[in-house]
Amino acid sequence: MYGIEYTTFLIYLISIILLNYILKSITRMMDYIIYKFLLIVTITSIVVNAQNYGINLPITGSMDTSYVNATKDEPFLTSTLCLYYPTEARTEINDNEWTSTLSQLFLTKGWPTGSVYFKEYDDIATFSVDPQLYCDYNIVLMRYNSSLKLDMSELANLILNEWLSNPMDITLYYYQQTDEANKWIAMGQSCTIKVCPLNTQTLGIGCQTTNTGTFEEVATAEKLVITDVVDGVNHKLDVTTATCTIRNCKKLGPRENVAVIQVGGADILDITSDPTTNPQTERMMRINWKKWWQVFYTIVDYVNQIVQAMSKRSRSLNSAAFYYRV
């Protein structure tokens with residue numbers, strides 16, 4: 001009798017001990033699984049929230065449409081604005097403190113002191129040779145001149161778009177333009193460009209390849225030339241290389257951190273008819289004021305609206321690198 005009770009008690013005791021062991025094992029296993037899961041979740045959340053600097057994400061969509069001015073000024077606290085103006089503006093204003101005055105006025109629009117830079121250039125022709133657009137946002141003021149309107153249009157086409165350019169060795173090779181986005185861009189103190197189209201036997205069409213005097217002249221003594229010829233046809237070129245550099249360039253798209261403001265003029269500069277301009281709305285505007293103070297006051301008033309039609313996520317333009325996309 002006592003032996004049976006003792007055996008039963010022993011079985012219960014062993015069962016309890018075994019059950020306790022199993023429960024502890026399950027608890028330890030669950031703790032391990034839970035801790036591991038939490039660790040994975042923590043690491044994953046950190047990776048997901050972090051910015052991936054190893055991938056160059058493409059800029060999608062267009063920033064060329066008009067946007068309603070934002071009420072927030074915070075984005076401008078870390079941005080820089082360059083304002084390019086001709087020498088005649090400073091000469092007319094004739095005030096040594098005029099840039100300081102404008103800086104204080106820009107401050108009222110949310111642009112901190114020191115974030116706006118004033119860049120002076122002599123004239124359109126000189127600026128065409130050495131355009132350097134380094135700021136997050138760049139606004140170029142161009143006084144309209146009927147005798148320079150073609151130069152102004154070419155300059156606007158250059159700085160409002162990104163170009164991928166390669167050197168051209170015109171002494172050794174013939175060149176052809178593959179499509180409408182392919183142009184030859186020349187810069188220098190004096191660029192005279194002549195072309196001779198060739199047939200499939202590399203003989204001149206209406207010209208002699210050995211006589212540059214028979215070539216068609218497409219530019220004469222200009223500082224900036226964007227040359228467009230018939231696509232898919234080889235050409236032999238003659239360029240004043242001593243005073244001019246020419247490159248084979250491809251238009252990649254809009255340079256969205258640049259805007260051009262035409263000052264005055266009965267005609268409005270328009271480069272949107274170029275079939276390679278996509279979208280057809282460019283960051284080009286016109287201000288009709290006779291006095292430069294009025295021009296700058298208007299710029300200050302509408303600077304945020306102008307910037308909202310731009311994007312700081314564009315590459316800088318430096319003619320020292322001959323407007324490569326860098």
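Quick reminder: no glycine exception, Cβ is built from N, Cα and C everywhere.
When Swiss-Prot records D228, V229, D231, D301 as binding Ca(2+) 2, the matching candidate from Q104, Q132, Q177 it lists for that site is Q177. If you go by Swiss-Prot, C196 shares a disulfide bond with C207, out of C191, C207. Listed by Swiss-Prot as binding Ca(2+) 1 are D95, T214, E216; the candidate from G110, G206 that the record includes in that site is G206. Bond annotation: of C135, C191, only C135 is listed by Swiss-Prot as forming a disulfide with C82. Partner cysteine of C244, as given in Swiss-Prot, is C191 (from among C191, C249, disulfide bond).
For E216 (Ca(2+) 1 binding site), the nearest neighbour among the recorded positions C135, Q177, C207, D301, judged by Cα separation, is C207. Residue with the densest Cβ environment among the recorded positions N145, Q177, T214: Q177, by other Cβ atoms within 10 Å. In terms of C-alpha distance, the listed recorded positions C82, C196, G206, C244 place C196 closest to V229 (Ca(2+) 2 binding site). N145 (N-linked glycosylation site) has C135 as its nearest neighbour among the recorded positions C135, Q177, C196, G206, T214, going by CA to CA distance. Using Cα positions, the member of the binding-site residues D95, Q177, G206, D301 nearest to C244 (disulfide bond) is identified as Q177.
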